[in-house]
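Down below is the structure, laid out as structure tokens.
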Amino acid sequence: MAKEALKTLQSMFGEMVASFVFGFAVYSAILGSSISQSSADKVIVGLTVGFSGIGVIYSFCDVTIAHFNPAITLAAILTSKIDVLQGLGYMLAQYIGFMLAVCALLVCSPVEYKETLDTIRPGPTDFGATSLNVFFAEFFLTAIFVHIVFATAVNPYKPKVDTEGKFVDPDEKEPVDRRITAPLCIGLTLGFLAFMGLASSGGAFNPGLTFAPMAMSNTWSHFWIYLGGQYLGGLTGGLLQVLVLYKLSSD
């Protein structure tokens, strides 16, 4: 019993640290590219999102769920892929991790507190994006992301087997082992989705990443637009994979 409790605590702590590392990487890239006024600022951020995601998943997946995204975890809870209380614990750990990432960035930032938070806080782009544009951008980006995460890691296809371990469907073949390639696939998805949101929402598709700088700056404009799109999109992507696009067996 004590060992199980310790494993749970380790897993929760691991999820918090994973969220911290990912958040610190992304926030640092956003701030650094903005301060340096690099012409490749969007590319820098997109590559950081993708590569840091790959590294975090590979290094933390043995001790925790390595979601570092509350939209994935909520979708997993509502599709019964994870226990409710455990899932809520992971979500809390994720939010704390992102808050700590903002705190760490503030200590490292060479510019003042307000400017740092204004720079990393998500908001509509300067191209005239409306609240509706932002909502649907975050909805579709998060739906795509969560669907891919479910298909490769949370709910990958597993053929039915009998008591002897043989396939129930004689025509069934051993499925592709995605354990090695899933982090790479998810990280690359993070990267290309970050580029897809450039015209409207900026491409956050992560409630934790969105919430932390808003909470630290006490600036809540567009908060519900972002979180509403992200959580609804995540649930849609998860349900689509579980109920509609999970491979059907022929038995």
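FYI, residue positions are counted from 1 along the chain as it appears here.
Note that Cβ sites are derived from N, Cα and C of the backbone, with glycine treated the same way.
Taken from Swiss-Prot, the feature topological domain 'Cytoplasmic' covers 1-11 (among others), and the record attributes it to sequence analysis. For the topological domain 'Cytoplasmic' (1-11), the DSSP counts in helix, strand and coil order read 10 helix, 0 strand, 1 coil.
Residues or ranges marked as transmembrane segment in Swiss-Prot (evidence: sequence analysis): 12-32 (among others).
Residues 110-111, 119, 195, 198 of the same chain lie 6 or more positions beyond the ends of the topological domain 'Extracellular' (33-42) yet place their CB under 8 Å from a CB of it. The topological domain 'Extracellular' annotation in Swiss-Prot covers 33-42 (among others) and is backed by sequence analysis.
Annotation comment: Swiss-Prot describes 43-63 (among others) as transmembrane segment, evidence class sequence analysis.
Note on the topological domain 'Cytoplasmic' (64-86): residues 8, 10-12, 14-15, 18-19, 22-23, 56-57, 94-95, 97, 142, 145-146, 149-150, 154-155, 205-209, 230-231, 233-235, 237-239, 242 of its chain, located 6 or more positions outside it, place their CB under 8 angstroms from a CB of the stretch. Feature annotation from Swiss-Prot assigns topological domain 'Cytoplasmic' to 64-86 (among others); the stated evidence is sequence analysis.
The transmembrane segment feature in Swiss-Prot is assigned to 87-107 (among others).
Residues or ranges marked as topological domain 'Extracellular' in Swiss-Prot: 108-133 (among others). Remote same-chain residues near the topological domain 'Extracellular' (108-133) are listed as 27-28, 30-31, 34-35, 102, 198-202, 204, 209-210, 213-214, 216-217, 219, 221-222, 225-226 (criterion: CB distance under 8 Å, separation of at least six residues from the stretch ends).
For the transmembrane segment (134-154), the list of distant contacts is 67, 69, 71-72, 75-76, 79, 81, 124, 178, 181-182, 185-186, 189-190, 193, 196-197, 199-201, 203-206, 222, 225-226, 228-238, 240-242, 245: same-chain residues at least six beyond its ends, Cβ to Cβ under 8 Å. The transmembrane segment feature in Swiss-Prot is assigned to 134-154 (among others).
Summarising the annotation, Swiss-Prot assigns topological domain 'Cytoplasmic' to 155-179 (among others).
What Swiss-Prot records for 180-200 (among others) is transmembrane segment, and it gives sequence analysis as the kind of evidence. Cβ atoms under 8 Å from those of the transmembrane segment (180-200) belong to residues 42, 45-47, 49-55, 57-58, 61, 124-125, 127, 129, 133-134, 137-138, 141, 144-145, 148-149, 152-153, 156 of the same chain, restricted to positions at least 6 beyond its ends.
Assigned with DSSP, the residues of the topological domain 'Extracellular' (201-224) fall into helix, strand and coil as follows: 13 helix, 0 strand, 11 coil. According to Swiss-Prot, the feature topological domain 'Extracellular' maps to 201-224 (among others).
Annotated transmembrane segment per Swiss-Prot: 225-245 (among others), in sequence order, evidence recorded as sequence analysis.
For 246-251 (among others), the entry in Swiss-Prot reads topological domain 'Cytoplasmic'.
In this model, the topological domain 'Cytoplasmic' (1-11) carries an average pLDDT of 91.
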